[in-house]
Amino acid sequence: MVLEKINQVGDIKQIPPEEYDTLAEEIRHFLVEKISRSGGHLASNLGVVELTMALHLCFDFPKDKVVWDVGHQSYTHKLLTGRKSGFDELRKYGGMSGFPKRKESDCDCFDTGHSSTSISAGIGLVAARDLQDGDEHVISVIGDGALTGGMAYEALNNASRLKRNFIIILNDNNMSIAENVGGMSEYLNGLRTNEAYTNFKTGVEQSLSRIPGGSHLANQLKKTKSGIKQLFIPGMLFENMGITYLGPVDGHDIGKLQDILNKAKKVKGAVLVHVLTRKGNGYVPAERHPARFHGAEPFDIETGLPLNKKKKANYQDVFSTCMVKLGQRNEKVVAITAAMPDGTGLKRFKNIYPDRFFDVGIAEGHAVTFAAGLAAGGMRPIFAVYSSFLQRAYDQVLHDVCIQNLPVVFAIDRAGLVGSDGETHQGIFDLSYLSSIPNMHIMAPKNKWELSDMLKYAVEFDGPIALRYPRGEAYDGLKEYRRPVEYGKSEVIYEEEDIALLAVGNMVKIAEQVRKNLKEIGYSCTLVNARFVKPIDTEVLDMLSADHKLLVTMEENVRSGGYGEKVMDYVVEQELPVKLLNISLPDEYVEHGNVALLYEEVGIDAQTVTKRIIEKYITCRKEQK
Ligand SMILES: Cc1ncc(C[n+]2csc(CCOP(=O)(O)OP(=O)(O)O)c2C)c(N)n1
Ligand SMILES: CC(=O)[C@@H](O)[C@H](O)COP(=O)(O)O
Ligand SMILES: [Mg+2]
């Protein structure tokens, strides 16, 4: 086994070139085998095996720096930098992250997770290097999908001013998670597929070189600003911006990759190396279904089918069905995604109403302002977006939607702990960052029927409104509690005395279990489904504080700026005679791991909450005596 010889960074340089192909094959085999058990980002990683090997052959890590955009494709890099054994605990709590982490290795120079940051970070590393007279190479590896994100353009705009070497590798597999979209994708398609053009260009160059003075003419033409230059230089867009373009090159040919990277090293200023790869390369199911194998659940290697059969509908399935119905009922309804049509459940809407569906690319900020424009133009836009990805559109939500009080619906998916993707992807801040914005309204459904009811309510609502729901299986309990959604009103599910649990969204399910535990040991306990986080239901707080000793707020969001703090503000301001317990996440980042385990870690599982309530209740009683 060649892979056995790879135990630390630099080991690949001892491997003879004739063994490179075998090593690539073994790495693929290793990745498929490990990810089939742990789950993870398979297709993107299989696509960059040779590219990563070439990088490690041409550069010296950790002295040289590579920034992986999104970072979901960094598995081979981890493998080549002494982290082989980490794959047994990949994405598990306490185990190796699925993304680059500075704390994991000195070969990871910059943490990523959200898209389109690598060129900015790379330029920062270059500036730091130059200010300190360093001589290391800085390389940013960005995918064609990530190149749809606005930050990447802002960074390219800046990169043109660089005087010293900075290498941008465009890993173009002609795919985002789903099909890639937009003008840049079209442009890259032109560069990658226009073989006739490439042949024509070479032909013209060769013909010129045969006539006296022809080579000189060819070189002169390359230097002009004229349109004829197009005949010689692909990647004109980058060239015209002052960024040298090299390629396209076959990203599965290690020799060619080494040649082009060695050329790129010598360029003064920013250079973009256009590398063509195939997502899922070498594993047939992933080649055929790159979207399904983008972020794969554990699967059977032979068939490629998931090992765990889905038993119940996900929130995303429920959302998908509701969207189709809403689209049918109201032709003003339009749906927007920022490159996540599959994950958010908008694919069916896209297929049925293609004209009212917009995939804007990995461009959350643009998506929000685009939605604002649609709303200002009389449509009812629903932007389905992961909680953590909406973080980067804060100003657009405030400046473009909320100041104008426009009726945009934010369907905030993956709200709460998402699990294996870890700290960059946990959706635990949205209640805080949205609720500080005037005019914004926020709801959270307790179960799948309420998601549907809230979505209908939101589409009719005249102003900005968000509903947040978690990743995965939709709760199908409490079916009989389905009173109509009313502005700012919560829903009292069980009414007793002493302790009142006020739970937000999916925490209602946990609160049910907590209530059961408390009742088993003799406590009397009310359960309220908060429904609205903004505005909070003050009437229910007035009512509960009259005949309860303790109000317990429960939410899957950080404490600062969350529901519990809003309740506390009100209770304190009104001097209500009741004690409070705030169950929320600590103001910290939560690492990767199984969600049930993370619940225990952060103390929002039913058992821990029950224990904390009993302790608090006992203290309250003592104080009252
Ligand atoms: C801000 C943000 N939005 C959405 C995502 C989800 N996401 C992760 S990878 C990806 C597609 C990236 O495509 P590309 O850069 O081409 O990489 P590939 O998977 O094709 O290698 C998306 C949309 C993200 N990580 N960050
Ligand atoms: C890397 C990335 O940002 C996405 O691929 C993310 O991992 C998707 O997560 P879901 O599996 O929750 O759709
Ligand atoms: Mg891609």
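Placement of Cβ uses the backbone N, Cα and C atoms for every residue, glycine included.
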Please identify which of Glu4, Glu364, Glu450, Glu460 is recorded by TrEMBL as part of the thiamine diphosphate site containing His72, Gly113, His114, Ser115, Gly145, Ala146, Asn173, Tyr283.
Glu364
C-alpha of His72 (thiamine diphosphate binding site) to C-alpha of Asp144 (Mg(2+) binding site): distance in Å?
14
From binding-site residues His114, Asn173, Glu364, the one whose Cα lies nearest Asp144 (Mg(2+) binding site):
Asn173
Among His72, His114, Asp144, Gly145, Asn173, the binding-site residues in the record, which have a C-beta under 6 A from ligand 3?
Asp144, Gly145, Asn173
Enumerate in sequence order the binding-site residues His114, Asp144, Gly145, Asn173, Glu364 whose Cβ-atom distance to ligand 2 is under 6 angstroms.
none
Might you list, by sequence position, any residue in that chain lying six or more from Gly145 (thiamine diphosphate binding site) with a Cβ less than 8 Å away from its Cβ?
Ser115, Met175, Ser176, Ile177, Asn180, Ala339, Gly361, Ile362
Fewest neighbouring Cβ atoms within 10 Å: which of the binding-site residues His72, His114?
His114
Sort out for me which one of Asp144, Glu364 has the most neighbouring CB atoms within 10 A, since those are the binding-site residues we care about.
Glu364
One finds that other Cβ atoms within 10 Å of the Cβ of Asn173 (thiamine diphosphate binding site) number exactly 24
Could you pull the average pLDDT for the domain 'Transketolase-like pyrimidine-binding' (313-477)?
98
